[in-house]
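Listed features, source TrEMBL:
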TRANSMEM  A:6-29  transmembrane segment
TRANSMEM  A:41-62  transmembrane segment
TRANSMEM  A:68-87  transmembrane segment
TRANSMEM  A:99-119  transmembrane segment
TRANSMEM  A:156-178  transmembrane segment
TRANSMEM  A:241-262  transmembrane segment
TRANSMEM  A:268-289  transmembrane segment
């Protein structure tokens with residue numbers, strides 16, 4: 001079974017860093033993305049990922065380093081500004097929020113592209129390729145941080161910190177998040193302030209997206225936000241199960257992605273997303289709740305509707 | 001009964017709401033004594049849901065004030081329960097009947113404490129009262145309209161409030177659920193709870209409620225049902241709608 005051991009033999013410890021990095025990118029994305037799906041805001045993930053580009057370029061010009069924490073914080077604020085910008089357009093005019101989102105993110109993305117061309121040309125790491133596809137495997141070229149005797153690539157440390165921050169925040173505000181997503185009216189009557197929840201979520205989303213930006217690019221990050229949640233949504237009727245399944249999907253995508261990367265020597269971010277998409281197709285065919293197989297079996301009267309399953 | 005010991009459950013003074021510069025409600029003055037079942041009736045677009053949403057602070061008002069048990073709303077939030085319209089939530093949401101009933105206990109838990117055994121007991125009892133305990137582990141999308149409404153009511157019971165606002169609880173429910181809701185409302189009145197119900201059916205309104213608020217962008221009449229449920233006042237609420245609208249249109253035209 002040479003093909004199964006290939007990545008680990010060919011890449012050695014680097015294979016571990018790459019899988020861990022892909023997982024640390026996909027994990028926070030999967031959790032935030034699950035809530036985006038439930039709030040019917042998947043497009044906003046798209047918007048944020050594109051519109052933080054000018055912020056990234058500007059911060060990059062100052063720091064010259066894509067994994068600088070300042071860049072992440074700055075872009076978090078940029079993401080908030082975009083959200084406010086969108087709100088201003090659709091509250092202040094008769095333009096509806098979907099159109100306002102379309103306006104805000106394309107305009108800012110265009111600004112980012114121009115800034116990048118004008119000023120970023122001399123810098124090696126920030127070019128249109130990186131923005132589009134991401135460069136997950138480039139983490140190995142970074143200086144390493146020594147942790148417990150291991151030389152850990154620095155972007156992995158940053159990304160792990162972001163993942164930890166995201167999961168902790170979501171855990172602490174879990175109930176507020178769930179209630180304001182399910183029933184904003186009741187949440188408001190408890191004094192939870194759905195607007196604050198919205199902006200808080202956009203802030204966290206911006207941080208996650210920007211941290212993931214370098215690894216997977218502005219477009220593939222959307223896949224990491226939406227695929228795990230959509231996969232999990234098809235498999236369960238219970239939110240905690242959904243979030244766990246989404247995390248599992250993130251891990252599986254990372255591992256399978258590494259294999260595709262090693263087998264075909266292709267773009268790692270693309271491989272991870274492709275693996276995630278393949279898993280989604282499996283859920284669509286065989287998932288316990290929405291799976292086509294069960295629907296077909298049910299129509300034949302062979303199985304009961306899975307009302308009271310653990311799922 | 002002095003007013004200090006028994007302040008009105010709800011006092012609304014000169015409440016106005018505008019949406020995109022158009023008035024939706026204006027100059028609403030209402031005083032509801034404790035322990036009454038109040039129906040809010042009026043034609044479509046009269047601002048019935050807007051009234052309770054703005055009283056609850058879910059949507060902002062442009063003028064006036066609200067007092068609940070003699071205090072500003074934000075000091076009495078824990079005494080107020082809210083049952084939004086059934087259609088306002090996504091019933092495909094991955095939560096169970098029990099999860100929804102537990103949401104009723106969130107208000108008293110504050111932002112961070114998690115529901116424990118005591119909260120589960122409260123939620124179970126509430127579900128039992130509406131006959132939904134055996135469905136506790138079902139996903140909410142698998143329920144009928146009537147069952148969904150019962151779950152919403154169970155959640156309200158779990159809130160254990162003194163004043164409730166219910167937005168169209170009778171819409172799209174079966175006869176059995178309608179009867180169950182009526183029984184529940186009467187039971188709540190016996191325990192001196194005050195309930196404001198947005199209602200669209202004139203026929204049943206007379207039988208269900210002690211008091212009525214006839215609403216059409218302003219309060220046409222408010223008081224005990226026998227006094228308010230008269231052909232003249234109802235005509236003024238429903239039939240006179242066109243003239244009221246044109247009056248407002250005139251006024252806003254003059255203002256701007």
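Including glycine, each Cβ sits where the backbone N, Cα and C put it.
Note that this is a predicted model, so its numbers are computed, not measured.
Contact between the transmembrane segment (A:156-178) and the transmembrane segment (A:6-29) is present: at least three CB pairs lie under 8 Å, with pairs separated by 6 or more positions in sequence. Within its own chain, the transmembrane segment (A:99-119) is flanked in space by residues 43-44, 46-48, 50-58, 61, 82, 85-87, 89-90, 126-128, 131, 218, which lie at least six positions past its ends and keep a Cβ under 8 Å from the stretch. Outside the transmembrane segment (A:268-289) by six or more residues, the chain places 18, 22, 26, 133-137, 215-217, 220, 223-224, 227-228, 230-231, 234-237, 249-250, 252-254, 256-261, 306, 309, 311 with a CB less than 8 A from a CB of the stretch.
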